[in-house]
Amino acid sequence: MKSLLALVAGNLVTAVSGHGYLTVPASRTRLGFEAGIDTCPECSILEPVSAWPDLTAAQVGRSGPCGYNARVSVDYNQPGDYWGNEPVVSYTAGDVVEVQWCVDHNGDHGGMFTYGICQNQTLVDLFLTPGYLPTNEEKQAAEDCFLEGELSCLHVPGQTCNYNPDCSAGEPCYQNDWFTCNAFQADNNRACQGVDGAALNSCMTTIAGGYTVTKKIKIPDYSSSHTLLRFRWNSFQTAQVYLHCADIAIVGGSGSSPSPTSTTSTATSTTTPSSTSCASAISIPVTFNALVTTTYGENVYLAGSISQLGSWSTSSAVALSASKYSSSSPLWTVTVDLPVGATFEYKYIKKESDGSIVWESGPNRSYTVPTGCSGTTATESGAWR
């Protein structure tokens with residue numbers, strides 16, 4: 001069966017141009033896309049490599065654990081202006097949280113995927129240091145650490161963890177600690193898009209529209225003021241692996257690591273209590289940073305599906321501040337106290353000087369407020385679409 005599908009894949013490879021990337025929590029790739037730097041976030045690809053049936057055979061090379069997009073020559077293994085300088089979300093050790101990636105309609109190659117957290121802070125710090133690009137050897141060492149720190153499907157009580165239907169017993173891929181896509185040639189709910197069964201354009205890709213792929217992971221008993229969550233998808237159809245990472249913080253764990261001393265970001269960082277026990281927050285301040293180019297008289301607002309964001313009413317939308325705006329960095333920002341665990345949709349809008357409203361394009365953005373100790377903060381960054 002695999003040899004037949006490989007032949008079919010070989011005949012189709014020139015037609016397949018879209019793939020997938022981590023969206024929740026916001027990966028470095030997603031932030032690069034929203035900032036207008038990455039024109040094809042689903043196109044960070046490690047290829048050609050041995051991706052199947054041995055899921056860990058491929059060396060990550062230049063792609064590293066965070067991905068390299070050759071289309072735009074962006075290496076996400078080092079911090080940039082719009083990613084890598086601070087956590088995008090703070091989690092509490094032991095929590096079960098929802099994670100999501102986006103697969104393109106034209107590049108749903110089936111296969112299996114996994115998440116990992118490397119608990120070697122010295123290694124991780126190499127990927128948090130502005131101006132430093134880790135070597136290929138350091139990238140591989142980090143990927144090995146992420147594989148060791150796998151966040152297994154089986155760690156989440158009650159979660160269904162199936163074997164991949166395109167993998168036979170006895171093959172290295174016959175394991176259910178990794179998450180699996182559905183059968184590549186299934187008549188209904190095929191491959192990775194079949195995991196959620198979501199509608200086309202339920203998430204954003206630039207080739208043919210995307211489908212969400214949602215699972216749950218359990219945050220390990222570990223603490224770090226800034227670390228990385230790595231996502232890896234091994235394709236069944238093609239000789240490709242997709243790697244992405246998101247900057248996160250973890251509080252409340254028994255194991256801990258010192259804050260990185262090599263980073264020099266002046267952006268507001270997520271605060272984390274030093275105690276391993278803490279009072280849980282009821283709400284946390286979430287800072288929304290949006291890159292929106294405006295003209296004199298225009299103002300930017302945040303409208304969303306919850307009451308704190310006006311329940312989609314433009315007259316009750318939350319105003320952003322342009323106090324940090326410049327021609328080179330058109331930043332609008334606002335901090336809103338939001339209830340922990342709340343999941344909502346939102347969009348940015350412009351209010352013109354004549355009172356007219358302009359909504360940004362594309363599907364609604366989505367966000368889940370993290371849980372954490374009292375004093376925890378979170379940041380969500382994006383760019384006008």
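Glycine is no exception: its Cβ is also placed from the backbone N, Cα and C atoms.
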Per Swiss-Prot, the disulfide partner of CYS145, chosen from CYS118, CYS167, CYS173, CYS181: CYS118
Same-site residue for Cu(2+) (record: Swiss-Prot; known: HIS19, HIS109; options: TYR222, TYR242, TYR296, TYR301): TYR242
Disulphide bridge to CYS181 as given by Swiss-Prot, partner from CYS167, CYS192: CYS192
Residues close to Cu(2+) site centre defined by HIS19, HIS109, TYR242, Cβ within 8 Å: GLY20, GLU42, ILE45, VAL103, ASP104, GLY107, GLY111, TRP233, SER235, THR238, GLN240, VAL241
Disulfide-bonded residues: CYS102, CYS153, CYS161, CYS173, CYS203 - member with fewest neighbouring CB atoms within 10 Å: CYS161
Neighbours of CYS145 (disulfide bond) among the recorded positions ASN120, CYS161, CYS173, TYR242 (Cα to Cα, within 10 Å): ASN120
Structural state census, the domain 'CBM20' (278-385) (DSSP three-state): 9 helix, 51 strand, 48 coil
